[in-house]
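Everything below concerns the one structure shown next.
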């Protein structure tokens, strides 16, 4: 092998080692977004639920600001229950069907069914309650105590 080839091989190996240290992204968030779209018939962009109230988005604390935020708190609690069962809700991919009445789970494993049920219940809840623009991107340190 030529020295240039060895350097290239070394560079590839080092970059792969670095990539293995990157934590995986929550794989089912894109799937959850599709379940939400199915439930609300595409009325609201999915990213609007990523930073709403005290519980919609990463983390969560305090008292939910409204019923929609309460849907997110319940979803967080459902994911916590899934973790207690040994499931990985943010990484679990599942099978669902989008029917005229909304999403339905048809997953095979217990973890897939549990996580899918969490997501479908949350998506149905989102579709049921109004979205208040004043609760998007709020100051959580002041309003979520």
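Along the chain as shown, residues are numbered 1 onward.
Quick reminder: no glycine exception, Cβ is built from N, Cα and C everywhere.
Cβ contacts within 10 Å of residue 75 (active site), excluding its own Cβ and spanning all protein chains shown: 23. Mapped onto three states, the DSSP output places residue 75 (active site) in helix. Residues or ranges marked as active site by Swiss-Prot: 75 (among others).
Marked as active site by Swiss-Prot on the basis of similarity to another entry: 119 (among others). Taking Cβ-Cβ distances under 8 Å and a sequence separation of 6 or more, the neighbours of residue 119 (active site) in its chain are 28, 31, 32, 35, 75, 94, 96, 103.
Residue 59 (Ca(2+) binding site) counts 9 other C-beta atoms within 10 Å of its own C-beta, drawing on all protein chains shown. Mapped onto three states, the DSSP output places residue 59 (Ca(2+) binding site) in coil. Look at Swiss-Prot and you will find 55, 57, 59, 76 tagged as Ca(2+) binding site, backed by similarity to another entry.
Around the Cβ of residue 38 (disulfide bond), a 10 Å sphere holds 21 further Cβ atoms from the protein chains shown. A helical conformation is recorded for residue 38 (disulfide bond) in the three-state DSSP classification. Taken from Swiss-Prot, the feature disulfide bond applies to 38-98 (among others).
Residue 54 (disulfide bond) has a Cβ environment of 23 other Cβ atoms inside 10 Å. Under DSSP, residue 54 (disulfide bond) is assigned to coil, being neither helix nor strand in the three-state scheme. The disulfide bond annotation in Swiss-Prot covers 54-144 (among others).
Sequence annotations record features per position, and here Swiss-Prot assigns disulfide bond to 56-72 (among others) based on similarity to another entry.
Summarising the annotation, Swiss-Prot assigns disulfide bond to 71-125 (among others) and lists similarity to another entry as the type of evidence. Long-range neighbours of residue 125 (disulfide bond) (same chain, six or more residues apart, CB within less than 8 Å of its CB): 67, 68, 70, 71, 74, 75.
Residues or ranges marked as disulfide bond in Swiss-Prot: 78-118 (among others). Under the DSSP three-state reduction, residue 118 (disulfide bond) is assigned to helix. Counting only same-chain residues at least 6 apart in sequence, those with a Cβ under 8 Å from the Cβ of residue 118 (disulfide bond) are 75, 78, 79, 81, 82, 89.
Annotated disulfide bond per Swiss-Prot: 87-111 (among others), in sequence order, evidence recorded as similarity to another entry. In this structure, residue 111 (disulfide bond) is part of a helix by DSSP.
With a cut-off of 8 Å between CB atoms and residues at least 6 apart in sequence, the same chain places 35, 94, 95, 96, 105, 107 near residue 116 (disulfide bond), listed in sequence order. The disulfide bond feature in Swiss-Prot is assigned to 105-116 (among others); the stated evidence is similarity to another entry.
Residues annotated as signal peptide in Swiss-Prot, with sequence analysis given as evidence: 1-21.
Following the DSSP three-state reduction, the secondary structure of residue 98 (disulfide bond) is strand.
Within 10 Å (C-alpha to C-alpha) of residue 54 (disulfide bond) lie the following recorded positions from 72, 76, 111: 72. Cα-Cα distances to residue 144 (disulfide bond) place 55 within 10 Å, out of the binding-site residues 55, 57, 59.
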